[in-house]
Amino acid sequence: MGVISPTETLFLKSQHRLLQPRNYSYALAFHSTRRVANFPRNSFSSLGSCSVDFPLRSNPISQNSKSIHPWRRYVSESDSNELYHKKVSSIMETLKQAYSFIPHGILLSTILALVYPPSFTWFKPRYFVPGLGFMMFAVGINSNERDFLEALKRPDAIFAGYIGQYLIKPLLGYIFGVIAVSLFNLPTSIGAGIMLVSCVSGAQLSNYTTFLTDPSLAALSIVMTSISTATAVLVTPMLSLLLIGKKLPVDVFGMISSILQVVITPIAAGLLLNRLFPRLSNAIKPFLPALTVIDMSCCIGAPLALNIDSILSPFGATILFLVITFHLLAFVAGYFFTGFFFSKAPDVKALQRTISYETGMQSSLLALALATKFFQDPLVGVPPAISTVVMSLMGVSLVTIWKNRKE
């Protein structure tokens, strides 16, 4: 019988304890499967050291965990939190980029209104004011008081916008009204309707299109439209008398109420929210683009659906052609008129786009209301009804074109 070495003696004395070793508090990794490993029986060498036949890796664990595999909860919570934040960031970024879907929304609403008018007939004219007001709120919440103070320091640009709205556009309206009657043999009431569109104030939608293209000039656009709307109580009746031969009284209190509801109140609300509750304002901003796309789609699809009979009338195609050409030339005239007189301005391109919107987009809804109230012939209201849709689609299309060129 050989002599037992000290190491073997230690092993024999300790064998009853080594058969069932205790679990260690750190985790061991076996390939891709993570587990807390017990040491096997024959895991000791002749030197008494611990050895295993697979790679070991320690992982951080939760100290207060009651689970036999606490690292599992740690890893799953960490991964799930990271995944959650990534999803939230992705959703927020998509919402912020919703403005890029405006052309798709407009096209979809136009097709729906033509194919199935009841899809938009629920959006009655009484909803137009709050609908436009919501767009102005989106402009206000993304602006500040300094923008409007800077806009008031540019009286020459404001005057140029006024000339575009009440000189260039009425001149084009008169020309196209005469062309409609003399060259296309359309009824006189159709020509009067085209002229009526050119006599009204600028459209509030022009403020929003300017905001999408050149946010720094949105306040200037708002000032231009507000001044043209405020003075429409005097200018529109005079222009209608000069061009159509009929003086149309405009409701002064109605115009003031319209400015307050559509422009001043929502913009002031947005500015105040920015100033007094910045955290709430920042929480709301990511959702506004998507909501505005839906709002704008309704404001454009509804007039088309509500006036579908006029648009599909025997004169509809000819009137559509005339109205498209009329607005197109107005956009072009406003653009080059501004470029000629403000060629040395540092922001001449942005200013050209802004005044182009102001010249090309008139308040066709106001023209439609005047035609319905003061003219017995319903055909007078056909050009304003078509103009509402055409003007909006052309303005939004220009937003897409100009934004892509800027980028």
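Think of each number as a place in line: the chain as shown, counted from 1.
Backbone N, Cα and C define each Cβ position, glycine as well.
A quick note: this is a predicted structure, and the numbers were derived from the prediction, not measured.
Swiss-Prot has this to say about the protein:
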TRANSIT   1-57  transit peptide
TRANSMEM  101-121  transmembrane segment
TRANSMEM  122-142  transmembrane segment
TRANSMEM  162-184  transmembrane segment
TRANSMEM  191-213  transmembrane segment
TRANSMEM  222-242  transmembrane segment
TRANSMEM  252-272  transmembrane segment
TRANSMEM  286-306  transmembrane segment
TRANSMEM  317-337  transmembrane segment
TRANSMEM  379-399  transmembrane segment
Contacting positions for the transmembrane segment (162-184) when only residues 6+ beyond its ends and CB under 8 Å are counted: 190-192, 194-199, 201-202, 224, 227-228, 235, 239, 243, 318-319, 322, 325-326, 329-330, 333-334, 337-338, 355, 358-360, 362
Residues of the parent chain within Cβ reach of the transmembrane segment (252-272), under 8 Å, 6 or more residues beyond its termini: 129-130, 132-134, 136-145, 204, 207, 222, 225-226, 229-230, 232-233
Within-chain partners of the transmembrane segment (222-242) [C-beta distance under 8 Å, separation at least 6 from its ends]: 136, 139, 148, 151-152, 158, 161-162, 165-166, 170, 195-196, 198-204, 206-207, 248-252, 255-256, 258-259, 263-264, 267, 354-355, 358, 363, 366, 370
Intrachain residues whose Cβ lies under 8 Å of the transmembrane segment (286-306), provided they are six or more past its termini: 92, 95-99, 101-102, 105-106, 108-110, 112-114, 117-121, 123-125, 127-128, 131-132, 134-135, 138, 141-142, 205, 208, 365, 368, 385, 388-389, 392-393, 396
Candidate ranges 101-121, 122-142, 191-213, 317-337 - greatest C-beta contact count to the transmembrane segment (379-399) (under 8 angstroms): 191-213
Distal contacts, the transmembrane segment (122-142) - CB-CB under 8 A, six or more residues away: 204-205, 207-208, 211, 215, 218, 222, 258, 261-263, 265-271, 273-274, 281, 284-285, 288-289, 291-292, 295-296, 298-299, 301-302, 305-306, 365
Long-range environment of the transmembrane segment (101-121) - Cβ separation under 8 angstroms, sequence gap at least 6: 212, 293-294, 296-298, 300-302, 304-306, 308, 389, 392-393, 396-397, 399-400
Sequence-remote partners of the transmembrane segment (191-213) [C-beta within less than 8 Å, at least six residues beyond its ends]: 99, 102, 132, 135-136, 138-139, 142, 161, 165, 169-174, 176-178, 180-181, 220-222, 224-225, 228-229, 231-232, 235-236, 239-240, 243-244, 246, 248, 262-263, 292, 296, 299, 322-323, 326, 350, 353-354, 357-358, 360-364, 366-367, 370-371, 375, 379-384, 387, 391-392, 395-396, 398-399, 402-403, 406
